[in-house]
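So that you can see what the record holds, here are the features copied from TrEMBL:
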type    : residues                   : note
BINDING : A:126, A:128, A:162, A:189 : Mn(2+) binding site
DOMAIN  : A:207-305                  : domain 'Peptidase M20 dimerisation'
C-alpha cells in the first residue's frame, strides 16, 4: 500500500504511518542506550570503524541486506518489501577533533590518533550520533511493521561529512550500483532549536561552499632592490582588494553571495621579497549560477592582476572542501512539509536558509533523484524558551561545533525517528 | 681662426671672443629696444608671425642667408665665414596665454584670438623674448666681427616650444635640409636665479616628459543594478592605485621617475554607471630606459586591470605633449663649462637638474649632432640676495610662467648674448 | 457603513464598493478627455500650475473642501461623509524634461522654461498624468455615491516627485494641519506590465535611495613634484576601492544594498596635481538599518582614507536627492491585497520589489500613519504577451522614463480608478 | 710626530706610514694562520666567546690595555703613545647561521647551538674574520713601530653586527667611558670586488635600514558572516596597497627610499575570518629626513586604514633590526681617500653607495665623533676579470652571505691591514 497525499489534509498520516510508529515506545530504552554508546565513542571522518560496525550489525539483525566499507567506512542496508517506492535515508557518522566539555555522564573520553599521528580528542559536537541512532531506530520500526507498508527502504550511513569527502567517497565506491535507485533521498540534521520541532523549506536550504587555494607567483629579490622583483605581496594584496568588487559589483544586490579571503600568506622576512604568495578563499552561494559567477570572477581577477604585475608564472587555483548547494526538490519537500504539519502540528515550521553546508546531496545527484533535507531541534525546550525570553539565545544556547553541544535525548530521538519512519515513503513520488 | 680649448685653462676666452664681444656695448640700446618691442607683442605657439618677421628682417640686415616659415613660423639664418666649425644656436619665440601682471611700462596688452576663436590675453611669461633678443644680438656681433672667427653660424628661431610641437614642426618642415649640418647645437633659457650668472651641467638636465591619456571601457547600467555593469569608476580607481606600485616597486630607488595621474574623470551622475573613464598621466624621467620602463608598466597595468574587470573593449593610449629628455653631451658641455668659468668666473656654476622639459633636443637629434642646453639668470641680483637672506626665494621671486615673471633687462641681455657669441664656436668639436 | 473584511473571503467587494463603482462607465469619456489634456500639458516639478488648477477646480466641482498652493503647487481636497475611517490617496503631478517620441495625437508639444532659463521639452514620461486622472475619477465616484459609504476621503495632488522634494514641500507647507489625520495613506504608480493588472506586496517595496557628494581635499603641486602634494586623485581612487568592501564585507550576504560611485572627478590636466576631488555616490537599501550602516561606513571610510593620505582639510559630505524607503504596512497591505484579489481575480498578483524610489512615504510619515503603495499595469496586454513570447520584454516594451512611454488609456484608467474607489476605505483599520 | 696632509699631495704616505708598514711582510704567516683559525671557528652574534678571547689575548701580547665582555663579548684595546690624535678602528666578529659550501680546507665545520637550543651550522659568510685578522695585524704593526707615530690607537672588536645589536650593546656596556674619546672612528668591510682594491665615498655610503612589524586588528567571524567581522585580511591588503603611494608620491623623485612589505600573514583557514594580521616592513634610506618621512607616512597610513576599517584595537608598531645610516664625514673621508690614492694608486676608487646596512656608526655617534667606513675587495682579481669579460659577475662571483663566499687570503689581508695601519692616524683631524 502507499500512503497518500490526503494525509496532509486530513491531519493525520494515515494508518500506515500510525502502524509503523506504534513500535516506537517499546524500543526507546534500546535506542537511548545505542545513542549514549555512539556518543561515548566518536570517530573522525573515514575512521568510523566502530560506528559502521554497530550500524551494519544492527541492520543485519533487522533483516536488511547489508553492504560495508563503501568508500572508506560507508554502510548501506536495503530492506525490500514488495512493489512500491524506494526511499533512501542517509545518516552521517563522523565526529570532530574537539575536547568535549558537556559534563555529561556519557561524554566522550576518546583520544584518537589522527592522520598525522598526533593524539586528538574527539567529540560528537555536531550531533551525527543522533542521526545514526534515529536512522537505526527507523530501520527497526520499518522491519517490525512489514505489513504496514510496501516498497524498498534504504538506510545509508556515510563517513566524513565534516570534511566534505564522505558522500563522494561512497559514490566513487560504487554505492549507486549496490542499491536500487531510490525515488527520493532524505537526510536530516539536529540543530540548536527546541527539541520536538522540525523545520523544512523548499529550494536552497544550505549554501554551497567551496574553499579555493590561489597561489600567485612573483620574482624574489632582496628587499632593498624592488626593481629586480615582481612583488608577490603587492600582487596578493591587489587581488584581495580587487575581489571585494566582485560581491559589490557583479552579484545582484538581492542575491546571496559570500567571498571571503580567510587567509593570506606571502614572504617570510621583512627584507626579502618572496617569489610567491598564497590566498585561501571561501565562496558561498545559494545557486549554481551565482557560484559560477563567483568562480569566473575570481579567476578573471587573479589572472588580470597577475598580468598587471607582470607575474612570471601562471597562477594556480585549487578547489578543496567543496560542499555542493543543498537545494530541496519542490514537490518532494511539499509532501514532506505536509506530513510534518500533519504529524507535528504547530511544531512543524518553515525553517530559514542556513549558512552551513553539507555534502549529502552528492548522493542523490549521483543517482539522479530528488532529495529533501530538514532540521530537527535538539535543545531542551524549556531552556530555549528561557533564553528566548531573556534574549540570550545566541550567547547561551550551545550550537553545533561547540564543545558544550549536547542535544537532549528526548524528545529529540523520538521526533528524529518519527520523521524518518513516518515520512520515508510519504516523500516518494505521487505521495508514495 | 679657431678659438682653442686652451682658453679654458688660461682663464680667458682668447682674442677671438674678446674681439667678437667688443661690439656689445655699442648695440645695447638697440638690443633693449628690440627686447621691449618683443615683450609688448607676444604671440602664441605657431602664431609667431610678427616675431618671426622681426627676426628674419634683422638677420637679413646682418647679412645672413634667411629661410622663413619652416614648420609654421620657424626662421633660420646662416652666416658663412670660411672653413671652420658650424654651430647652431636656437631661440624659441612663443608666449603663453596669460594676462601679464608685471606692471612694466612695456608690458603686453595683446589679446590674441586663439585656435578656438576665443580672445586670450598673451604674455611672454617664460622669457622667450629674452632668448630672441640675445640670439639676434649674437648674430649682430658675429656679423660685425667677421675677421675674428671662421666657420658657419646658424641662428634658429623656433615656434611653439610651450606646446612641445615647434621643434618637431621645423624638423618636419625640412630644416635639416636647408642649413648645413652643425657640429654642435646650443640653446639657453632664462631662469629665476640672479641675472649675470650662468649654469650648465653635463648629462640629463631637463627631464623627459610625456602626457598620456588612457581611456578605459566598462559597460553602463543604472546605479541600482551594478551586476549588469562593468564599472569603469572602479576600474579607473584600481588603475590609479596600481600605478603607485610602478614607481615604488619597478624603478630602482635611486633612479628619478615620476608617474602622476593628474586627472581622473568617470561618470556624470551618482545613479548612472558610465561606460568609460579617462585618466591623464604625466610621466617624467632622466633616461630613455626609465621612460621605457614606465611606459611599458603603464600599459601592462592598464591592460591587466581591464582584464581583471572584464572590460568589454580594449583600452586606448594616447601620448600627447611629448617632451624629449634634454641630455647634454659630455664633451661639448665640458667646453661650454670651461668657457663659462673663463668668462664669468664665480658667476658660472654647475646647475642642478631641472624638472622642466623642452623640445629643443629634437633638432640636434634630427641632425644627429651633440647639444648643450644651459640656464641664464633673470632675477635682479639684489632682490634675489634679499629674498635668500629672508628665506623667501620660493615664495617671493616670480618664476617662469608666473604673471609677475619679469627678467631685469640688464645684465640679463648682456650675459645671454655674451654666452652665445663667446661660446658658439668654443662648443664645437676639438675646441672649435 | 463600513466595508468589511469579509469581502476578501466571499470573493466580492460587497455592496458598498459595487455601488461606488457603478458610476464608472458613465464617466469614461470625461476621464479620457481629462487624461489627454493632462498628457498634452506636462509641467516640471514645482511648476505644476495648470495641472494643480485642473485638479482643484474639479474637486470643488465634486463638492470637496479644497486647499491649494501647499508647498509650491500642492492641492488637497477633503470629502467628509459622516463617521467612519479617513483615507488619504495621493497622486503626483510633475513631468520630466524630455522630448516626447510616442507619436500619439495627444503628445506633448510643451517647451517649458526651466529654473535656469533654458527652454526644455517636457513630457509625462512617468505616467503621473494617469495618476491624476485616476484620482480625480475616484473623487468623482465617491462624490456621486455618498449613500454607499461613510467616512472621509482625502485626495492629495503632490508636486515634484521626480526630484524627491514635493512630498516634503507639502509637509513643510502644513498639509498635516489642513486635513484630518488619515487612518491610512495610499498611492499607486503605473508601470510597464499589462494594463488591467494590479500588484502589491507587504513590507519594503521601493528602495530607499540617497545621492551623496563627497569632496576630499589634497594639496596641489606641479605634476613633477608629488612630494610637495597630497594627491587627491590617489585619495579618491583609494576611497572608491575601499568602498567596495562595504557591500562585500559589512552587509549581510542576504541583505539588499547598493553602493555605486557613479561619478569621480579629480584634476584638470595631466601635469598638475589638483587640490581636491569629487565623488558622487548612490546608496540604496530596503531597510533603514542597512541605510544607516551604509552611511556610517561611507563616512568612516572617507575619513579614514583622508587620514591615511594626510589630507589637509576635512572631507565634505552632502546628501541630495534623498528618497525614503517605501515600506508597505503589513496589515493594511493584507487588506488591499485581499480587495485586489476579490475585484481583479487572476489579474491581481504579488509584485516583486522594485529598484525605483519614491518620496510619497514622507506624507504618511509626517502624519504618523500606515501606508500602502502599489503598481498598476500600463502596457497593452496583447503587445506585452507578444513580447513575452518573443523574449523581448526588456528590449521592446518602453518603460517609465522612456520617450516612448505611452500607457494604453484603457483599461489603465478604469483599473487605476477602480482600485482607488474600491479600496480606499477597505484599506482603513479594522477593514474600515 | 703626526703624519701630515701633505702625504696626499706628494703621492706617498710619508715616512711614518712607510715605517709602520715595514713590518707587514714578516707577520704574513702569523696573520694567515690567525685568519684560517678564525674562519674555522665562526660564532653567532653575542656568542663570539672564542673570537673575543683570541683578540684580547693578542692585544695583550702586543702591549695594549685590554677591556673585555663589553656589551656581551665586545673587546677593546688601547695603545697609548704620547701626544697626538686618538683613532678608533672597529672590526666586527660575528658569523652567520649557514652551512659553508666553499670547499676550502679551512672551512667551518662548527655547529653551534643557537638561542632556541637548536643546532645550527655556522659560517663566516660575511668576512668578519677578515676584519678581525686585519685589525689584529694593524695592532701588531703599530705596536711594533712605536717610534714612527704618536697618539693613541684604539682597536675595537664588536659582537653581533649581523643582527644590528652589537654596537649598541657595546655603547650600553659603557665603551665610551672605558677608552679615550677618539678624534675619528674607522671601519671597513670586505666586499665582492677584486682583492687589492679599496673604495670609499663621502656622505651616505650604506643605507639606513629598519624592519618594522605592524600588527593590525579586526574582529573574527565565520567566513560566511562577514557582516559580523572587521576583516583583517582586507585591512592588511589595503595597507600594502596604500603604502605603495608613499614612495611614489611622498618622496622626492630623486631621493633614495625603499619601503618593502616583505611579509604579510593573516588568517589560518579559508572559512574563518581572523582577528588580526601581521605585516613586516623593510625601510631604507640615505638620509635621516627621508627615514623620518617614511616612518611617519607608515604610521599615518596604517592608522588611517585601521580607522577606515573600523578596527576595534589600536595597531601595534615594533621596530626591530634597526641599522642606522652610515654617513661618512666629508673631511675625514677626504683625508682617507687621499691616503688611499697615495698608497694604492689606481686600485683606490670612489665606490658607489651600497644598499647594505651596518650598525658600526652607533659607536662614533655615542662618542660624538666623525667616522669613515670603506670597502676592500675580496675576490680573486683574475676570476673577477674573467667574469667581467663574460658579463657574469652578478651570477658567478659569490657575494657576501653566499655559502660560497670565500675571499682570497692575499692580497686581501695585506691590503686590509695596510689601510688600517697606514690610515689610522691620517684620518684624524688636521691631517692627524
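In case you wondered, yes, glycine gets a Cβ from its N, Cα and C as well.
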What residue among the binding-site residues A:126, A:128, A:189 has the most other CB atoms lying within 10 A of its CB?
-> A:128
Excluding A:126, A:128, A:162, A:189, please set out which residues of the same chain place their CB within 8 Å of the center of the CB atoms of the Mn(2+) site, keeping sequence order.
-> A:92, A:94, A:96, A:127, A:131, A:161, A:400
Long-range Cβ environment of residue A:162 (Mn(2+) binding site), under 8 Å and at least 6 residues apart = A:45, A:94, A:96, A:126
The domain 'Peptidase M20 dimerisation' (A:207-305) resolves under DSSP into 40 helix, 36 strand, 23 coil
Helix, strand or coil at residue A:126 (Mn(2+) binding site), per DSSP?
-> coil
Secondary structure at residue A:162 (Mn(2+) binding site) (DSSP, helix/strand/coil)?
-> coil
